[in-house]
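Chemist: Straight from Swiss-Prot, here's the annotation block:
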BINDING   Arg79, Arg104, Asp131, Pro132, Met133, Leu134, Ala135, Thr136, Gly137, Asn138, Ser139, Asp200  5-phospho-alpha-D-ribose 1-diphosphate binding site
BINDING   Ile194, Gly199, Asp200, Ala201  uracil binding site
Amino acid sequence: MDGVTVIDHPLVQHKLTIMRKKETSTGSFRRLLREISTLLCYEVTRDLEMTMETIETPLQPMESPILEGKKLVFASILRAGNGLLEGMLDLVPSARVSHIGVYRDHETLQPVEYYFKAPEDISERLIIVVDPMLATGNSSIAAIDKLKERGAHNIRFLCLLAAPEGIANFRAAHPDVPVFTAAIDSHLNELGYIVPGLGDAGDRMYGTK
């Protein structure tokens, strides 16, 4: 699928299977999400630009590769997006963090925005927007609309699960933003949930309903 990368690493798929199980506890779900987010982050950042820097090892000077440019921004769509942040920050602790408060109205399935906080210079940084689920796509589209309004243009979207309907909506709205996901499931049900999915990621992560 154009513009969409499915991260099918065996460890990602193994952990995702355990997360899908309805009997998986809140604590286990949260731990697995942190672990899987590290693996997903590894894949979504594999083509970052590098530059050479002169350093000194205990034995001699050398030219060695280092990340080029300003630090990354991880933009979390609240609240479930925060579950992906911990593992990603373990891997890239110097990253800046943005929070975008968007929730889906369960009657209209439309996004409702209530919070936005991001570095002032986001136009100069690569932004990785994170949300475990790309269902209808409405919340992620609204979040990226907001980032673009603030000048962001180098954006990637990372999720755990995606529905074909959400991918189609997202790609129509933001064809310039690549999507990275661990799996593309069958469809959305009448309530807008991904099927077979894993339930409501935020509720399973925080033990709420």
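From the backbone N, Cα and C atoms, a Cβ is placed for every residue, glycine too.
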Chemist: Can you list, in sequence order, the residues of the same chain other than Ile194, Gly199, Asp200, Ala201 whose CB lies within 8 Å of the CB centroid of the uracil site?
Modeler: Pro132, Met133, Leu161, Tyr193, Gly197, Leu198, Gly202, Asp203, Arg204
Chemist: Select the most exposed residue of Gly137, Gly199, where exposure means the fewest other Cβ atoms within 10 Å, treating these as the binding-site residues.
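Modeler: Candidates: the binding-site residues Gly137, Gly199. Fewest Cβ atoms within 10 Å: Gly199.
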Chemist: Need the DSSP three-state call for Ala201 (uracil binding site) to compare against my parser.
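Modeler: It is helical.
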Chemist: How many Å lie between the Cα of Gly137 (5-phospho-alpha-D-ribose 1-diphosphate binding site) and the Cα of Ile194 (uracil binding site)?
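Modeler: With the alpha carbons as reference points, the distance is 11 Å.
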Chemist: Cα of Ser139 (5-phospho-alpha-D-ribose 1-diphosphate binding site) to Cα of Ala201 (uracil binding site): how many Å, rounded?
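Modeler: One finds 14 Å between the Cα atoms of these residues.
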Chemist: Per DSSP, Ala135 (5-phospho-alpha-D-ribose 1-diphosphate binding site) is which: helix, strand or coil?
Modeler: coil
Chemist: With every protein chain in view, how many other Cβ atoms are within 10 Å of the Cβ of Arg79 (5-phospho-alpha-D-ribose 1-diphosphate binding site)?
Modeler: 18
Chemist: Between Ile194 (uracil binding site) and Ala135 (5-phospho-alpha-D-ribose 1-diphosphate binding site), find the distance joining the two CA atoms and give it rounded to the nearest Å.
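Modeler: Pair distance, Cα basis, whole Å: 6 Å.
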Chemist: Going by DSSP, is Ile194 (uracil binding site) sitting in a helix, a strand, or coil?
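Modeler: The three-state answer is strand.
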Chemist: Of all the binding-site residues given, namely Arg79, Asp131, Met133, Ala135, which is spatially nearest to Asp200 (uracil binding site) at the Cα level?
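Modeler: Nearest listed residue in space: Met133.
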Chemist: Which has the fewest other CB atoms in a 10 Å radius around its CB: Met133, Ala201, the listed binding-site residues?
Modeler: Ala201
Chemist: I need the CA-to-CA distance for Ala135 (5-phospho-alpha-D-ribose 1-diphosphate binding site) versus Gly199 (uracil binding site), whole Å please.
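Modeler: Taking the Cα atoms only, Ala135 (5-phospho-alpha-D-ribose 1-diphosphate binding site) lies 11 Å from Gly199 (uracil binding site).
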Chemist: I want to verify one value. Collapsing DSSP to three states, which class is Arg79 (5-phospho-alpha-D-ribose 1-diphosphate binding site)?
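Modeler: It is coil.
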